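Participant: After the structure tokens below, expect a handful of questions from me.
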Amino acid sequence: MARPRHQPGGLCLLLLLLCQFMEDRSAQAGNCWLRQAKNGRCQVLYKTELSKEECCSTGRLSTSWTEEDVNDNTLFKWMIFNGGAPNCIPCKETCENVDCGPGKKCRMNKKNKPRCVCAPDCSNITWKGPVCGLDGKTYRNECALLKARCKEQPELQVQYQGKCKKTCRDVFCPGSSTCVVDQTNNAYCVTCNRICPEPTSSEQYLCGNDGVTYPSACHLRKATCLLGRSIGLAYEGKCIKAKSCDDIQCTGGKKCLWDFKVGRGRCSLCGELCPESKSEEPVCASDNATYASECAMKEAACSSGVLLEVKHSGSCNSISEDTEDEEEDEDQDYSFPISSILEW
């Protein structure tokens, strides 16, 4: 009886399939990472079992890849104890085909590695002078503000042209916005709501720091914009003829502080912990005492139950920064933080 012969073609086909399987397996054996750290290791695991081509197809500049096919325990040790995965291969070695997004460009750094840096298009900017940003800081020009927005403040915008001011004098707000001065005597441009709906409940009434009852928060905002100086909220409900803080009920964990200058009380948030920062600027308060910071002044006010406000920055022995603004800044009773204007 004749033995069956092995077909050489079938054996070759089997070997080809085995090689293809091994090739596919090796192609899927790598790990994809979102960045390469300064120590040269891969960090922030994106996905396992990806080929280099698949990993690098994301187009991210910082994406990197490791070839090692390791278990979960090894990956955990790399990420937690070793500062990342070794043998890290960056997807991008040059700036070719790198898309950094709007306002950024790819440039080779001193170590000859591609990096996305802020490079806003400033060619269409006509005003070359300083501008005041929405963060209350002065920038030497609008291009410098755009760079700051690119780096760390995506919501940063130009409020008005020129340096940030302590008064609304000479502040020209764009569009329909109006200049308002906050508690720290910084000028901001805000949009006034000219139409307020009629209140539907008596619980909407608010007592302003000017002793006037407002039908709603919208009406208080509107009055603030028309005045050009923040009025502020004394307490919720209609204003009453209080003889002391004992007559005023504060809500939301606030404490009543008495303003002896006008004979009225207002509810203030106390219990704030002052940061131990040497960068805080001292302030001269309405009691003619110098405090290490505005926070320290508020802490003293909460402790005594007497309202204190900032007269000017710096020591009480120093001269106020803007003597020309004394006339406009004399009525501190109309002040409260600008954030309150924007949040309501």
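In case you wondered, yes, glycine gets a Cβ from its N, Cα and C as well.
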Participant: Pick out which of C196, C207, C270, C274 Swiss-Prot lists as the disulfide partner of C239.
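Facilitator: According to Swiss-Prot, the disulfide partner of C239 among C196, C207, C270, C274 is C207.
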Participant: Name the cysteine that pairs with C302 in a disulphide bond per Swiss-Prot, restricting the answer to C270, C274, C284, C316.
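Facilitator: Candidates were C270, C274, C284, C316; Swiss-Prot matches C302 with C270.
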Participant: The disulfide recorded in Swiss-Prot for C143 goes to which of C122, C164, C168?
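Facilitator: Swiss-Prot lists the disulfide between C143 and C122.
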Participant: With the disulphide bonds as Swiss-Prot has them, who is the partner of C42, out of C12, C19, C56, C88?
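Facilitator: Recorded disulfide partner of C42 in Swiss-Prot: C88.
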Participant: Determine, on the basis of Swiss-Prot, the cysteine among C256, C267, C316 paired with C284 in a disulphide.
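Facilitator: According to Swiss-Prot, the disulfide partner of C284 among C256, C267, C316 is C316.
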Participant: Where Swiss-Prot annotates a disulfide for C95, which of C100, C106, C116 is the other cysteine?
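Facilitator: Swiss-Prot lists the disulfide between C95 and C106.
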Participant: In whole Å, note down how far the CA of N124 (N-linked glycosylation site) lies from the CA of N288 (N-linked glycosylation site).
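Facilitator: Cα-Cα distance, N288 (N-linked glycosylation site) to N124 (N-linked glycosylation site): 49 Å.
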Participant: Pop the mean pLDDT for the domain 'Follistatin-like 1' (94-117) in here, whole number is fine.
Facilitator: 85
Participant: Just to be sure I understand, if DSSP states are collapsed into helix, strand and coil, how many residues of the domain 'Follistatin-like 1' (94-117) fall in each?
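Facilitator: Here the numbers are 0 helix, 9 strand, 15 coil.
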Participant: Can you tell which of N124, N288 has the most other C-beta atoms within 10 Å, given these are the glycosylation sites?
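Facilitator: When each Cβ's neighbours within 10 Å are tallied, N288 leads.
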